[in-house]
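What follows is a single structure, written as structure tokens, with notes after it.
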Amino acid sequence: MARFFQPKKHSTLDTKHQPVTIERLDHQGSGLAFLHKKPLFVDGALPGEEVLIQLTENKSKYARGQLIKVLKPSAERVAPFCAHYAQCGGCDLQHLDRAGQIHHKQQALSQLMVKFAGQSLALSAPVCSDDQGYRRRARLSLMWDKKTQQLQLGFRRKQSKAIVNVTDCPVLEPSLNALLPDLNALLSEWSQPERLGHVELVKGDNTRVLVLRHLGALIEQDQQRLTDFASQNQLTLYLMLEAGELQHVQGEAPYCEETGSRLSFLPSHFIQVNRAVNQHMVAQALNWLEVSPQEHVLDLFCGLGNFTLPLAKQAQAVVGVEGVDEMVQHATHNAKLNQINNVAFYQANLEQDMTSASWAQQKFAKVLLDPARAGAEGIVDQLSALGAKRVVYVSCNPATLARDSQSLLSQGFRLEKLGMLDMFPHTSHLESMALFVKKG
């Protein structure tokens, strides 16, 4: 039978402006409406608002629309405090007041736990901080625009790879924010601007850190101007080479004083962005674990010892386990720095079976987990075998927390407490803490 060519059908996008009513926010902070019974996502729209939209995407199961005009605003709508908010992709909830942001994040956490773990629980009080000047580290992109012959220093534009030039970031720690105009001016006069990669700014308790990612060797003139800038501003300066290695140029090694312990770190190490929330988070985790002086505690995904060292002040002994060997070495250094002798750190791939590891033979009634966004798949299935009776799970991804909760519930744990940690105000990103207790 002959087969004839048939052109593919192309669905035309209706670009007329259309009014819709926003029902709620989705977990990413976009307004959710329904257009012909199909979910429609609208960035910048709030629950209860009547808005005018233009379709930008129309799939079989969902659609996306651009907010054209707010016809009937929500009482929770506020004017963004940042001049770059409309373009910058760093924040996505500045148009929603703080109470509304916190309510939305708590609601999102509750809904995910009900949907994927079948757990409904009244949330503990949220852990919050000041909503401006809270970021103690940031990575800013650098791009040389050949057409305009100008350097762009800032953050990615919303849903784009383009750079929004930023000279003021109100959520950045004030002493870091103050560097932006002069840093932009310095790098705009760079001899080879096309070789600039990115800049990282970090606020330690003893110093501010500047890291410059540069492709290829610096010429002497640029190197001198950079070191002069660091000296004038009393900065610790690092260069990041093409292989990703850090080269310390000048200044003190940075550290943070966290919950009574001094944590030395390198700019490549993970530290929590929001110092105030981190301190409250650590205190709450210790309170929920209820550690006694006779107990051995296990800290999984321990990093530099953010939880490990405070735990060691309450327990008989603490074991910290981390996947990155360099972090293990630095955590061990931090324990010595703080004269804490009842901790031991180990490197291990926590996706594998750990029950036969030497450190696992101690058995631990109390366990703390603080995994990355991928969650604790692998090790979470082994907690009952490790002797756990009480588990605090700190999560930066509620979806993987909900998934891992299913494993804990199947091992005979019950979810006793659940709370939201507002580590990143004015963004839809939420962190959370859950307490699981072994039944019986």
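Any Cβ shown, glycine's included, is placed from N, Cα and C.
Quantities reported herein were computed from a predicted structural model and do not represent experimental measurements.
The annotation domain 'TRAM' is assigned in Swiss-Prot to 11-69. According to Swiss-Prot, the feature [4Fe-4S] cluster binding site maps to C82, C88, C91, C169, an assignment based on sequence analysis. As annotated by Swiss-Prot, S-adenosyl-L-methionine binding site applies to Q272, F301, N306, E322, N349, D370, with the evidence given as sequence analysis. For C396, the entry in Swiss-Prot reads active site, nucleophile, with the evidence type sequence analysis.
Positions of Swiss-Prot features highlighted on the structure.
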residue: C82; record: [4Fe-4S] cluster binding site; Cβ contacts under 8 Å, 6 or more apart: C88, C91, Q94, D168, C169, P170, V171
residue: Q272; record: S-adenosyl-L-methionine binding site; Cβ contacts under 8 Å, 6 or more apart: N278, M281, N306, M423
residue: E322; record: S-adenosyl-L-methionine binding site; Cβ contacts under 8 Å, 6 or more apart: F301, C302, G303, V328, A331, F345, Y346, Q347, A348
residue: N349; record: S-adenosyl-L-methionine binding site; Cβ contacts under 8 Å, 6 or more apart: G323
residue: D370; record: S-adenosyl-L-methionine binding site; Cβ contacts under 8 Å, 6 or more apart: D299, L300, F301, C302, G303, N306, F307, V394
residue: C396; record: active site, nucleophile; Cβ contacts under 8 Å, 6 or more apart: A372, R373, M423, H429, E431
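When the record's S-adenosyl-L-methionine-binding residues Q272, F301, N306, E322, N349, D370 are compared pairwise by CA position, the greatest distance found is 22 Å. D370 (S-adenosyl-L-methionine binding site) carries neither a helix nor a strand DSSP state and counts as coil. Shown for the domain 'TRAM' (11-69): DSSP residue counts in helix, strand and coil, namely 0 helix, 32 strand, 27 coil. Each residue in the domain 'TRAM' (11-69) has a pLDDT score, and their mean in this model is 93. When secondary structure is read from DSSP and collapsed to three states, F301 (S-adenosyl-L-methionine binding site) falls in the coil class. Over all protein chains present, the Cβ of N306 (S-adenosyl-L-methionine binding site) has 28 other Cβ atoms lying within 10 Å.
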